[in-house]
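If you check Swiss-Prot, you get these features:
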| type | residues | note |
| --- | --- | --- |
| ACT_SITE | His194 | active site, proton acceptor |
| BINDING | 30-58, Arg100, Asn139 | NAD(+) binding site |
| BINDING | Arg107, Asn139, Arg170, Thr249 | substrate binding site |
Amino acid sequence: MASVLHKLITPLACSSPEPPRNKVTVVGVGQVGMACAVTILLRELADELALVDVVEDKVKGEMMDLQHGSLFLKTPKIVADKDYSVTSNSRIVVVTAGVRQQEGERRLNLDQRNVNIFKHIIPLIVRHSPDCIIIVVSNPVDVLTYVTWKLSGLPMHRVIGSGTNLDSARFRFLMADKLGIHSSSFNGWILGEHGDTSVPVWSGTNVAGVNLQTLNPNIGTDFDEENWKETHKMVVDSAYEVIKLKGYTNWAIGLSVADLTESLMRNMNRIHPVSTMAKGMYGIGDEVYLSLPCVLNSGGVGSVVNMTLTDEEVAQLQGSASTLWDIQKDLRDI
């Protein structure tokens, strides 16, 4: 007797279903991982979403919760497992797994603990999706992006750190808020390390083409009577403040990662400050990943914009690179 399925549907295609073309995997289903997953779903960037986590019940519960909302989404397939075979044929893999940053803990203190985790997960990602682009989100993101590049064997343009894309968004929001305009109308960049030694490019801040340094030559310096420099300090401290208030950060970084995913998936050639290999640029001699203005397309980092910086900004960027190298050179087993 024929089933309801066979009575209802007559198949026409003889071949098996095609593999996904725009599959995204999120590794780690903590607060950050799920914020990334949800924002990617809401922005309709994937035809399949895979979730992976070492805690099997947690990852399957998150999968079911999202599947139950499928009616309200445009992603037809959501899968999850602790086995990395579920990630096969991913175009983009977002890595959020790692030890959570604690209140008052500086990002660079997380290094070796998270390196040991990456030694397990990165080879598995590459085994199942050898052509993928990896976006590293786990902190300390610049160090772990370098570690991912070393462990993966992928070309450097396909290993990207979320970097200062979020720092720059925070900077633009805080500066625009003081000016009474929308953050999209303020143009400003933060480069270097995602965190304590990040570099605000005050020389490039502008609104509608009006460079703020021409209005206030001391902007961002210790001699600035308006104390705009405090805005960058607020950017650096903002994650610690949010962690102090709610225990973790997740929504802003999730939105930031979805923004990067869109530029990559849709071949947009948009420019983002993300963590990339900086050796040979701005006098940086060591193999470090830090944020520079990168053109993102379907191949990963297509190119890097040679931003005009002041001598002081270059020195700060070199200092940021030195800070990261001092950590990296002591890492074990990568």
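Using N, Cα and C of the backbone, Cβ positions are placed for all residues, glycine too.
For Met34 (NAD(+) binding site), the nearest of the recorded positions Asn139, Arg170, His194, Thr249 in terms of C-alpha separation is Thr249. Of the recorded residues, Lys58 (NAD(+) binding site) and Thr249 (substrate binding site) place their C-alpha atoms 19 Å from one another. Taking the C-alpha atom of Asn139 (substrate binding site) as reference, the shortest distance to any of the binding-site residues Gly30, Val38, Leu42, Ala46, Ala50 belongs to Gly30.
Here Ala50 (NAD(+) binding site) is compared against the recorded positions Arg170, His194, Thr249, and the shortest C-alpha distance is to Thr249. Ranked by CA distance from Gly30 (NAD(+) binding site), the recorded positions Arg170, His194, Thr249 have Thr249 at the top as the closest.
Distance from the CA of Thr249 (substrate binding site) to the CA of Val54 (NAD(+) binding site) is 21 Å. Its Cβ taken as reference, the residue listed as 'active site, proton acceptor' is surrounded by 29 other Cβ atoms within 10 Å in the chains shown. Mapped onto three states, the DSSP output places Val54 (NAD(+) binding site) in coil. Here the Cα atom of Arg170 (substrate binding site) is found 21 Å from that of Val38 (NAD(+) binding site). The Cβ of Leu42 (NAD(+) binding site) has Leu73, Ala258 as same-chain neighbours under 8 Å, each 6 or more residues away in sequence.
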